[in-house]
Amino acid sequence: MTKAPVAPVVLVILDGWGYCEETRGNAIAAAKTPVMESLWTAYPHTLIHTSGKAVGLPEGQMGNSEVGHLNIGAGRVVPQELVRISDAVEDGSILSNSALVKICQEVRNRNGKLHLVGLCSEGGVHSHITHLFGLLDLAKEQRISEVCIHAITDGRDTAPTDGINAISALEDYINHVGIGRIVTVSGRYYAMDRDRRWDRVQRAYDVMTQDGVGDGRKAVDVLQASYAEGVNDEFIVPVRIAPGTVEPGDGVIFFNFRPDRSRQLTQAFVSPEFTGFARQQIKPLSFVTFTQYDSDLSVSVAFEPQNLTNILGEVIANQGLNQFRTAETEKYAHVTYFFNGGLEEPFAGEDRELVSSPMVATYDKAPAMSATAVTDTAIAAIQKGIYSLIVINYANPDMVGHTGQIEPTIKAIETVDRCLGRLLEGVSKAGGTTIITADHGNAEYMLDEAGNSWTAHTTNPVPLILVEGEKVKIPGYGTNVELRSDGKLADIAPTILDILQLPQPPEMTGRSLLQPAEYEVELSRTPIPVGLN
């Protein structure tokens, strides 16, 4: 007997598509988006919060893709690593952190150097410079004789030239605490690649590991010289400015807390079977990462991962239902690893498909990215008729928005809008329901108040639109579904469970965005478990 095809819930995450009524510097407002505009007019919609305490960050802190997908998938507000580590610095408990104290002892016993590696930024997305200050306090208390700082500059989650302020603050703190020196400087474009562009990573790695006394400049001089040549923080070419090579017997603390852009450089240091580029592994080398970048890495972890249970993917799997995730390279980890609460392995019945991002230096050169291929992949999954939940991420608004180039970002937005129209046709034919939303803002605010380019995320809310399939009514809510106006990302998973008529576990503390209504239900839809993959 042939089983009826499943009418799926399709969650579409428009990465970096925020909401802002101001039109100046707003690539979304400037773009032609007939699909999104018609959906906003015709279907239930609301705005939801994606920053600050609504996603487990400090008040006023902008959200990001990792935090956004983690909250969406968990169905609860997840306290973020930024808060956990900042609290440890503020209350002094970082000074007694067992992994950090141990590496200091090992370095001291071997008479080695302690290397502090990470993004020197106040962005709070991958790191925070106050965490580096806490490590300098630790090194002083542990009587480390030589502390070498390998500064990575931001310019992506901060203004393009904010790095000089961060580096100046770091120099001031070094003078205050009386320990440490900046020995290398590298833009995150090189040191924090996540797309296996190993030639970039190698340039940062070589500067850190090859012998040399440096050119004697101060770090702020390096930045000023780069700015004069039109090269901003993100793209600072790796350079050594003082002695302090990573050598056998040394220790490294990588103080980024976000894993995705920290894995590759870490692999270059510690993976015995590393093949990204030719290098001689440094042994012995003590290595601590602030958080768990990858469970397969041979490192110590200062702040162990939080254990999240009964997240959305797990609930779907435990019900015997199938699910599908797809995104292009830039956001694939977000719809898989982060969406699943930091778990690498898929749940039972969870299929995934990676679409390769175009190999370009920056995405303003290819604003369409791989959105068409992502759409094709999603439609093919819908047509299989076996998935109860399909999760899709369109990377364009965020990745092109980060370049600060408005015209290419407009093209990126328009590409996504066209793809969305085609995707919705596929969902409609399958009788499915689509939730369209975003993980954080970006492309809606690309100029600051002074008219300068803004390349970071925003604290703006994001849209959420609920699109029911034709002749398919959400059980219990009837034809005139309304959405709450005070929602947050943690409410999306309960909303999906509500639509699928699945029980919400107690660990999932978000609330469905669907407003109860007193209507006659014309046609209910119950998901049908299908054991085909």
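From the backbone N, Cα and C atoms, a Cβ is placed for every residue, glycine too.
Since the structure is predicted, the reported quantities are computational estimates derived from the model, not experimental observations.
Per Swiss-Prot, active site, phosphoserine intermediate is recorded for SER65. Feature annotation from Swiss-Prot assigns Mn(2+) 2 binding site to ASP15, SER65, ASP439, HIS440. Marked as substrate binding site by Swiss-Prot: HIS126, ARG156, ASP157, ARG188, ARG194, ARG258, PRO259, ASP260, ARG261, LYS331. Residues annotated as Mn(2+) 1 binding site in Swiss-Prot, with sequence analysis given as evidence: ASP398, HIS402, HIS457.
The structure, with features from Swiss-Prot marked on it.
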{"residue": "HIS126", "record": "substrate binding site", "contacts (Cβ under 8 Å, 6+ apart)": "GLY118, LEU119, ASP157, ARG188, MET192, ASN256, PHE257, ARG258, ARG261, SER262"}
{"residue": "ARG194", "record": "substrate binding site", "contacts (Cβ under 8 Å, 6+ apart)": "ASP260, ARG261, ARG263, GLN264, GLU330, ALA333"}
{"residue": "PRO259", "record": "substrate binding site", "contacts (Cβ under 8 Å, 6+ apart)": "GLU66, THR291, GLN292, TYR293, ASP294, TYR337"}
{"residue": "ASP398", "record": "Mn(2+) 1 binding site", "contacts (Cβ under 8 Å, 6+ apart)": "ASP15, GLY16, SER65, LYS331, HIS440, ASN442, ALA443, HIS457"}
{"residue": "HIS402", "record": "Mn(2+) 1 binding site", "contacts (Cβ under 8 Å, 6+ apart)": "GLY16, ARG156, TYR363, ASN442, THR455"}
{"residue": "ASP439", "record": "Mn(2+) 2 binding site", "contacts (Cβ under 8 Å, 6+ apart)": "ILE13, ASP15, GLY16, THR50, GLY63, ASN64, SER65, VAL67, GLY68, HIS69, ILE72, HIS334, VAL462, LEU489"}
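Each of ASP15, GLY16, ASN64, SER65, ARG156, ASP157, PRO397, MET399, GLY401, HIS440, ASN442, ALA443, THR455, ALA456 belongs to the same chain as ASP398, HIS402, HIS457, is absent from that list, and has a C-beta within 8 angstroms of the C-beta centroid marking the Mn(2+) 1 site.
Every protein chain considered, the tally of other Cβ atoms within 10 Å of the Cβ of HIS440 (Mn(2+) 2 binding site) stands at 28. Here the binding-site residues are ASP15, ASP157, and the one whose Cβ sees the fewest other Cβ atoms within 10 Å is ASP157. Take the CB of HIS457 (Mn(2+) 1 binding site) and look out to 10 A: across all protein chains shown you find 30 other CB atoms.
For SER65 (active site, phosphoserine intermediate), the number of other Cβ atoms no farther than 10 Å from its own Cβ, over all displayed protein chains, is 28. Around ARG261 (substrate binding site), a 10 Å sphere centred on its CB holds 23 further CB atoms from the protein chains shown. In sequence order, ILE13, GLY16, THR50, GLY63, ASN64, GLY68, HIS69, LYS331, HIS334, ASP398, ALA438, ASN442, HIS457 are the residues of the same chain, not among ASP15, SER65, ASP439, HIS440, whose CB sits within 8 A of the CB centroid for the Mn(2+) 2 site.
Max Cα-Cα distance over the annotated substrate binders (HIS126, ARG156, ASP157, ARG188, ARG194, ARG258, PRO259, ASP260, ARG261, LYS331) is 17 Å.
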